[in-house]
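Student: Here's the feature list from Swiss-Prot:
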ACT_SITE  12  active site
BINDING   95, 96, 97, 98, 99, 100, 101, 102, 103, 104, 105  ATP binding site
ACT_SITE  137  active site
């Protein structure tokens, strides 16, 4: 009987994102706090005689080697189980091109899933190394939880797990290219850089007010210039009661942190009149 395995693939938000400069390899040197939230893709991986096949409920994602999940399957099978194949079904719930690591989290789930499905017995360190070679966010998505990420995003330091109970996430009706945003980033134009030390102190103390107050993302400089609507969403989230609002990753998704469920529900209702993709989320634990 053919075995299959079902995994949850949580979205990622960046609670702070600083860029220290451009590296000799063309990547940017980052320092960012990444945090998983309970917006989930569902990944079903089934044994197959050979090859890799991807199907999805979404027409917005590729089902060939352009998909990071395909690349992840190709890498782990090629390295450790070259005679085996897989069929992968991606139930896509995370918005595409949104700064939420939707493709990366699917790839991480595929690495974990194939390791289990074919009893490969690979240790976390080996899986993380593989994940990092596929994409900058894939290692975090595999490790999960809350992490301070440096380098390209693959050098991870564990943070205490903290629950953020009410997050309103608004995905505007357009996409942004991560590569394009980084290409256009000019650090001399950034008006305010994150104080990651202050953020981490607030995180350690589980001080939600100062966690929110210290959220910053230098990539907003580029994304807001291209799409001023991002700044308008941020301002409106704060007007509706958010402690602070921030673009996640390279955008365009914007999240607001709320203390009270009632305020968060009202904000969701307000934004749902204008946007198709509005979510009330909390930390994924």
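Every residue number used here counts from 1 along the chain in the order it is shown.
Cβ from N, Cα, C; glycine included.
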Student: Let me make sure I understand the structure: which of the binding-site residues listed (95, 97, 99, 103) has the fewest other Cβ atoms within 10 A of its Cβ?
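Tutor: 97, out of the binding-site residues 95, 97, 99, 103, has the fewest neighbouring Cβ atoms within 10 Å.
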Student: How big is the gap, in Å, between the Cα of residue 12 (active site) and that of residue 101 (ATP binding site), rounded to a whole number?
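Tutor: Between the Cα atoms of residue 12 (active site) and residue 101 (ATP binding site), the distance comes to 6 Å.
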Student: Give the sequence-ordered list of residues that share a chain with residue 137 (active site), lie 6 or more positions from it, and have CB atoms under 8 Å from its CB.
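Tutor: For residue 137 (active site), the qualifying residues are 12, 34, 101, 104, 105, 153.
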Student: Tell me the coarse DSSP state (helix, strand, coil) of residue 99 (ATP binding site).
Tutor: coil
Student: With every protein chain in view, how many other Cβ atoms are within 10 Å of the Cβ of residue 12 (active site)?
Tutor: 28
Student: Residues other than 95, 96, 97, 98, 99, 100, 101, 102, 103, 104, 105 within 8 Å, Cβ to Cβ centroid, of the ATP site?
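Tutor: Those within range, site residues removed, are 11, 12, 94, 249.
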Student: Run through the Cβ atoms and count how many others sit within 10 Å of the one on residue 101 (ATP binding site).
Tutor: 30
Student: Please report the number of other Cβ atoms within 10 Å of the Cβ of residue 105 (ATP binding site).
Tutor: 30
